[in-house]
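Have a look at this one.
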Amino acid sequence: MTTEAGSETEVKEKAEESAAEPDQSEKATEDSQEVANAEVEEKEKAKVKEKEEKEGKGISRYLPTWLKKQKSQSQTSPTKEAPPTEEPVSKVTQEEEGPAPEVNGHAEEVEEKEEVKSEQVKEKEAETHSNASADTEPAKEEKVEESAEKSPEETKETTEGEGAEEETKEKEGAVEAEGEAGEGQTSIFQSPLRLVRKNKMKLVVCHVTLLDGTDFTCEVEKRAKGQYLFFKVCEHLNLLEKDYFGLTYQDNHDQKCWLDPTKEIKRQIRSNNWQFAFNVKFYPPDPSLLTEDITRYLLCLQLREDVASGRLPCSFVTHALLGSYTLQAEIGDYEPDQPRPLDFISQLTFAPNQNKEMEEKILELYKSHRGMTPAQADTQFLENAKKLSMYGVDLHHAKDSEGVDIMLGVCANGLLVYKDRLRINRFAWPKILKISYKRNNFYIKIRPGETEQFESTVGFKLQNHRAAKRLWKVCVENHSFFRLNAPEPPTKARFLTLGSKFRYSGRTQAQTRMASSLIDRPAPSFERTSSKRTSRSLDGAPMISITEAGRESAENGREPHLELHSDSKDHDKTQEEVLKHQASISQLKRSFMEAPPPSPPQPNQWEKRLTSSPATIRLQQQQVSLAEEIASVLFSRQTDIGLYSTAKAACIFPEPPLDAVKTTSSAATTSSAAVCSFSAPQRPLATLSTALSATEVSVPQTEAATADNTTSDTKEPAKTTEVEIEETVVVQEISRAPKPGLVTVAASPPAAPSAEQEMREQEVKVQEEAVVVEEAKPRKEESISSESESEEEAEYHPYLPVSISHTQIPEEKEEEEEQEKQEEDKTAELQVLASDASSLPAEVIQPAEETSREEEESRKEDDTETEETEKTTNAEEEKEVERETEESTDDPMVTPDEAPNGLTLPEEGVTVIDAHAEEEEEPKMNGEPSLIEAEPLPQVICCSEPPVVKTEMVTISDTFAAQKTEIATKEVPIVHTETKTITYEAAQLDGNGDGEPGVLMTAQTITSESLCTTTTTHITKTLKGGLSETRIEKRIVITGDCDIDHDQALAQAIKEAKEQHPDMSVTRVVVHKETELAEED
Amino acid sequence: MAGLMAGYGHYTHAVVRGIPASLAKEALRSSQTEVDLAKAVKEHEAYVEVLRTRLGLEVVELPADESLPDCVFVEDAAVVCGDTALITRPGAESRRGETEAMKGALKDLNLNIVEMTDENATLDGGDVLFTGREFFVGLSKRTNQRGAEILADAFKDYAVSTVPVLDGLHLKSFCSMGGPGLIVIGSSEPAQKALKIMQQMSDHRYDKLTVPDDLAANCIYMNLPSKGHVLLHCTAEEFPESAKVFEKLKDHMLIPVSNLEKVKVDGALTCCSVLINKKANI
């Protein structure tokens, strides 16, 4: 219905696209839709679908159109694709992919009958798949124009996102966006059946420059994905260990880019230039571990090129040595009879500044290699090449904070920083907590060293955002490839994702090694030709190569041709396997990935953090800028069977350890800190935090909540023009995550850049408690990712994930520290609470005598505070606090998770909601119950002003300060601030085991930071009785000016949190606002 | 066909230089002390004797130059790795002349000579630590970034990382190699800090041998055909505690070498020779 209309629209809009495409898509859509409708089973799928759509809703709603482009991309990006599919999907993909090549080859020959038949089968299998990708995706595209008309429920979210995308596309000609968007559809389109049926498949001729300089030409369907072409090439090369390689293309700016195998080629190359190069993508640190000679040979070819071009610098001697091995490998033993060998050598290029002397040296060495087989010579070549310091280092131009030109080198071990030719710093992968980029800035967050207490962030400036993104991608891929093991698919492991992110889609080195150890084929014969690269047009070369070839085959004792055939058979087989394998792997990875929307820090801050030299590089992360908003969200989930948990509704006014001054409900206050916490005392909690503006705190948020409930999403115009979305990818370096125990997500509310000196803190803490019935949707949940791939920014967290059995080692330290702090914080809260209890509206105004110092500290505390209780003890404390508050105050509780629950787990969600409704006592926040905007379900996310406590927390801060010796105090001008803390707690029906401490199984803290926001996600897994409880607390600090739309930010953050953890419920939301008051105050 | 980094510590030749009389009075030093010239000369002779007789190296002895009081410390004048020799531009202006004779000697040994001509560059060989896998260059009073860059350019095969030298004259004033993958390091805070930086900057893992005295951390490691691991280190007379540490190295042929006088003008063991491996690879 909508879908079709949409496709047509699409056609109109996409003039550039071939007519066939829309048709195809349309068809595909139709098919899938029909099937979907017809089949009863659809229900389930529908659910899935809904879910996905819901995801789609995400933040996009709140984003300005131009921003949405990024979002939509993410939606289509591989991440999304994979999650829903899980295993079934992988199958599908496999099937589709497998045949696809054939189609290209003999596309027209495919018979309709078969198609239909297979189609049906496929359809069934792929139900989910099609639903997810086919239905949703196409629909999105169309919506561009018709969004208004469409039924709000199904298409709404998507509409916006896609519409935005389309617009942008057209306007900006952002080809990439389109490409990525289209990706989701690819699988469908690629399926031979449909393609054939349409008979409109368009073929494009691709030219691939191979490592030996030859050109490989093949036809691919216009919609083919990168991996199709890549496999074609590998097939041509008879290469099995292909994971070290990739295809590159030149983008519009003549930059070499890696072709993403999971995306359509057409959408990546951005031009009609179907010209590619086959290259080594990951240089194996020890080439001797490669299984096949042919792989080593190809690596040699790449390295020869690297050396000859100067990309891989080496000394004179090394040049000569490598050159001599090259000769030995390519032309065999030195022939004393050969006339004028030097002439011959001089026709080859071995080094950028090759001279006679070098050639003589090469010849001299070459003579000494007599008797060495080509394979041995290659091995020797590699043994020497691999030791070169720049071996496998991918260099990127950048500038440090001072604008000094440097080079960033990505390699197997980590990130290297060069100034000129000197290595001035090095960040090994294990040292890096997060990799992100934002616009043209590239950031890495460094794990604190033994003696350091805080993480530090290092920033670099790239030439432009494309360069930053490229670098980021390379980092993500290299880290994934070299550092990650092959994890067993975590069955239900659900990882919370915010925004989609790019991630490495292939096999890791560990996996590829495993796979290659299984290679069982006779060594393929191949021809070592004097690579074209080296030959500046020789006449002798061909001759030589022929000889060589003959020799090779003789060695192997087989006829090359015959072998080829058999090989190709094997090859096909393996290829399928590979595909399958890859599919599952990528799914796995996806599950590990997270893309918490970035929270951009203030530009100024970043500037400060930029550093170049090792000495200067480290900055204390804990330096909190004055103006911040903090939001934390606590999600909790119980994985146990058959358990429902309902949340109790309780409202608390925990006091933030900040200096609070006066509150004025007037709009005068520019910044505010809001802490929303939804917490279910004993349950896993999830806290989400966002920031609200002092002025209009409640309204927008409510809207947001409403939005979740499928009301109208479109309303939120998203005023935050300056907001940027960051992508975050959290990669876990785990081998397995048996239970869904982990992960993080950070939602970053949009924030506008703020003046440095403004002191505003908004702290929103949303704690969500989600109790999931045991059948916590195993697969479906995977799909939950609000994918927002922004072109501008992205993050990647190279983490060591925690598995249930082990406690996390790497982060223990941090956690401990944090815990300490938390405890402190808690105490603070308690005190505050007490005061609150006494006066409901709680307006405690204390004389404002805040010293700058205190403020600073308090801020820090806030930051650290985030990491909520990992241990039960802390939890207990919290509970106590909460209870107190509950009793004393009657406030509306907020259950932001309704939407998620409603969609994913209808029953549960309902229950929760009901509970809330019942328990809810009149939202008597500061007398402005504006929060609940005609919401069917009481979804009060934040109260505008009601529970505003005007306090000055000087004393508390001091105490803390005293305790925290490590805190670096910054000199801060004295500023009057207003602090508000609002806590919402979900009602809890489940009274059992509240008091039981449980056993802490795992704890993890993830922090992401960007320009305006800092998001800290703390995940705790506890084992209580028979239940395993996952608790996620998110804390988001939004720093900004009056320009920030705090409400939106908060709403968005909560929403995102909910979306990320659909199966969880929000148990507590604490919004803490700290506002700087006008000077007069 | 030794490849890169093969045979770390293999040496065949050593370039040394005589002690000029001017050393006693004019040689640069960080602390004002009296140098007994006669003792110094004797000490140096013993040093050369160890290289020549005990270890069987081919010793090229350059004549002392009275106008160059520090000329005995040849290490600062050139960095030799493989068959490439980088003639440095010493940080102390009074020492720039030392490179001339060194260049000639190295040329005679058929090394590829690379000269540091950039007037903005300074580099003392004492700031260059070659581990067999990579270079660390101390940025000190005598060595600057530009000098390090030129070194990096001269030895392209290797990573060259810079290490700030906050205390002490040279990087090798508190560290040196005690074997393949073994860094001997002083226990002072600056020394330990420098080691940390080196470890962070390196893709390779190094073992460390910490000695109580920074100056004692300067020793000379060789791997000689007939003798295996050889270590020239401080005497028990100078640094009793550190000497004890060295004595625990069971696999090494330990040769205590006295350096009482030369140390007064900031001369360490490595300073007095440039070791070369001819007929090394290729």
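Note that Cβ sites are derived from N, Cα and C of the backbone, with glycine treated the same way.
Automatic prediction, not curation, is the source of TrEMBL annotations.
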For the substrate site that TrEMBL assigns to B:Leu28, B:Asp70, B:Glu75, B:Asp76, B:Arg95, B:Val265, which of B:Arg142, B:Arg146, B:Arg205 is also named?
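Answer, per TrEMBL (substrate site with B:Leu28, B:Asp70, B:Glu75, B:Asp76, B:Arg95, B:Val265), from B:Arg142, B:Arg146, B:Arg205: B:Arg142.
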If you count, for each of the recorded positions B:Leu28, B:Val265, B:Cys271, the other Cβ atoms lying within 10 Å of its Cβ, which residue has the minimum?
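The recorded positions B:Leu28, B:Val265, B:Cys271 were compared, and B:Leu28 has the fewest Cβ atoms within 10 Å.
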Measure from the Cβ of B:Arg142 (substrate binding site) and count the other Cβ atoms within 10 Å, all protein chains considered.
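For B:Arg142 (substrate binding site), the 10 Å Cβ neighbour count is 24.
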Measure from each Cβ of the binding-site residues B:Leu28, B:Asp76, B:Arg95, B:Arg142, B:Val265 to the Cβ atoms of chain A, and list in sequence order the residues where some distance is under 8 Å, or 'none'.
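Listed in sequence order, the binding-site residues near chain A come to none.
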For B:Cys271 (active site, nucleophile) and B:Asp70 (substrate binding site), determine the Cα separation and express it in whole Å.
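Spelling it out, the Cα of B:Cys271 (active site, nucleophile) and the Cα of B:Asp70 (substrate binding site) are 10 Å apart.
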Quick one: of B:Arg95, B:His170, which of the recorded positions has the smallest count of other CB atoms within 10 A?
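Selected from the recorded positions B:Arg95, B:His170 on minimum Cβ neighbours within 10 Å: B:Arg95.
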Measure from the CA atom of B:His170 (active site, proton donor) to the CA atom of B:Glu75 (substrate binding site) and give the result in Å, rounded to a whole number.
11
Within the same chain, and leaving aside B:Leu28, B:Asp70, B:Glu75, B:Asp76, B:Arg95, B:Arg142, B:Val265, name every residue whose CB is within 8 angstroms of the centroid of the CB atoms belonging to the recorded substrate site, in sequence order.
B:Ala27, B:Phe73, B:Pro90, B:Ala92, B:Glu98, B:Asp124, B:Gly126, B:Asp266, B:Gly267, B:Cys271
Cα-Cα, whole number of Å: B:Leu28 (substrate binding site) versus B:His170 (active site, proton donor)?
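B:Leu28 (substrate binding site) and B:His170 (active site, proton donor) have their Cα atoms 13 Å apart.
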Over all pairs in B:Leu28, B:Asp70, B:Glu75, B:Asp76, B:Arg95, B:Arg142, B:Val265, the listed substrate binding residues, work out the largest Cα-Cα distance in Å.
15
May I ask you to report the DSSP-based helix, strand or coil state of B:Val265 (substrate binding site)?
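Helix, per DSSP.
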Rounded to the nearest Å, what's the C-alpha distance separating B:Val265 (substrate binding site) and B:His170 (active site, proton donor)? Just drop the number here, would you?
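Here the two Cα atoms lie 13 Å apart.
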For B:Asp70 (substrate binding site) and B:His170 (active site, proton donor), determine the Cα separation and express it in whole Å.
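It is 15 Å, counting Cα to Cα.
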